[in-house]
Amino acid sequence: MGACDIVTEANISSDIDSNATGVTAFSMPGWQLALWATAYLALVLVAVVGNATVIWIILAHRRMRTVTNYFIVNLALADLCMATFNAAFNFVYASHNIWYFGRAFCYFQNLFPITAMFVSIYSMTAIAADRYMAIVHPFQPRLSGPGTKAVIAGIWLVALALAFPQCFYSTITMDQGATKCVVAWPEDSGGKMLLLYHLTVIALIYFLPLVVMFVAYSVIGFKLWRRTVPGHQTHGANLRHLRAKKKFVKTMVLVVVTFAVCWLPYHLYFLLGHFQDDIYCRKFIQQVYLVLFWLAMSSTMYNPIIYCCLNHRFRSGFRLAFRCCPWVTPTEEDKLELTHTPSLSVRVNRCHTKETLFLVGDVAPSEAANGQAGGPQDGGAYDF
């Protein structure tokens, strides 16, 4: 690829053609730059405030500290960091075609975005796996608190390892007086290495986890909506519990679909560049990239909105978090939603070969956090 790398994001750059002397000037009118800056600023603010609030709601209230919610915290943290460190700085780079932030941040910028995206989608995958075990195999041992922390740490370590090659080959170059942050793959096989690496990354951080989640939620949906136990009718607390499960699954499916839709055009854009690399030299491509990059980064701000709209506890949490706003009036019920722990009752269902626990309310936070074995014991997680 030549020097036309303006809209290849810093962390997805190509090899350097040291003999290239021409450079494509990408500029836009001031009013257009102001509109883009406003759009990206709004995105960052909504994502940072929303995800920070989600983290506070879960960590500050003992009732919310379930295994599933710890994965949601991990997802929110990754999205918050993605919006803060990737959206803002890469917008500046893409809109000016000059790297202002130094060599150290160039390394970081080629390491962190892939890391954060991997953490985001595999946190969603972990939630799908946890729900699969709870609903499809309710009597199998569940993740404990230490086990959950180990999974989260493992996700971050694998993500860093996957992103390391780009960081390793990162460098700062000068192109006719303009500073660029690029990834300089080895000259003898740079094009092949770049394509292979991008295909591997896209497969691991997009297609593979989406397939896993599709299968998991399909089986869960079949279990909840199709499967019935002969002679057993769901009513009362059990019916509420079943409805909570269904609502949780719908919420997480919406989160996954939103992520997939936001990121697909962005991945296709870079795959297209491998087979038609002169497209990056065309004037219109800057605007195309800014649209696709905004769409991809916007995935970081939708989850808090989805939680608030579809889950009453998160809605109560948001009202408490923004109670200083004159148009927000939290109630005592909002406080109880996040602090009160309903009682637990037990009875035996003779339709099964094993004794089954049925919840009147939610499981105690300590039990949920410790991931006690048995499906019904994670009842609180279905309601977040």
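Each residue, glycine too, has its Cβ placed from N, Cα and C.
In Swiss-Prot this protein carries:
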| type | residues | note |
| --- | --- | --- |
| TOPO_DOM | 1-32 | topological domain 'Extracellular' |
| CARBOHYD | Asn11 | N-linked glycosylation site |
| CARBOHYD | Asn19 | N-linked glycosylation site |
| TRANSMEM | 33-56 | transmembrane segment |
| TOPO_DOM | 57-69 | topological domain 'Cytoplasmic' |
| TRANSMEM | 70-90 | transmembrane segment |
| TOPO_DOM | 91-107 | topological domain 'Extracellular' |
| TRANSMEM | 108-129 | transmembrane segment |
| TOPO_DOM | 130-149 | topological domain 'Cytoplasmic' |
| TRANSMEM | 150-170 | transmembrane segment |
| TOPO_DOM | 171-196 | topological domain 'Extracellular' |
| TRANSMEM | 197-218 | transmembrane segment |
| TOPO_DOM | 219-251 | topological domain 'Cytoplasmic' |
| TRANSMEM | 252-272 | transmembrane segment |
| TOPO_DOM | 273-290 | topological domain 'Extracellular' |
| TRANSMEM | 291-310 | transmembrane segment |
| TOPO_DOM | 311-384 | topological domain 'Cytoplasmic' |
| LIPID | Cys324 | S-palmitoyl cysteine |
Query raised in the report: Tell me, what is the mean pLDDT of the topological domain 'Cytoplasmic' (219-251)?
Result: 72
Query - Selected stretch (most C-beta pairs under 8 A with the transmembrane segment (197-218)) from 33-56, 150-170, 252-272 - result: 252-272
Query raised in the report: So are the transmembrane segment (252-272) and the transmembrane segment (291-310) touching or not, going by 3+ C-beta pairs under 8 A with a sequence gap of 6 or more?
Result: yes
Requested in this report: Please classify the secondary structure at the residue listed as 'S-palmitoyl cysteine' using three-state DSSP.
Outcome: coil
**Report entry** Distal contacts, the transmembrane segment (150-170) - CB-CB under 8 A, six or more residues away
**Finding:** 11-12, 70-71, 74, 106-108, 110-116, 118-119, 122-123, 126, 143, 181-186, 197, 201, 204-205
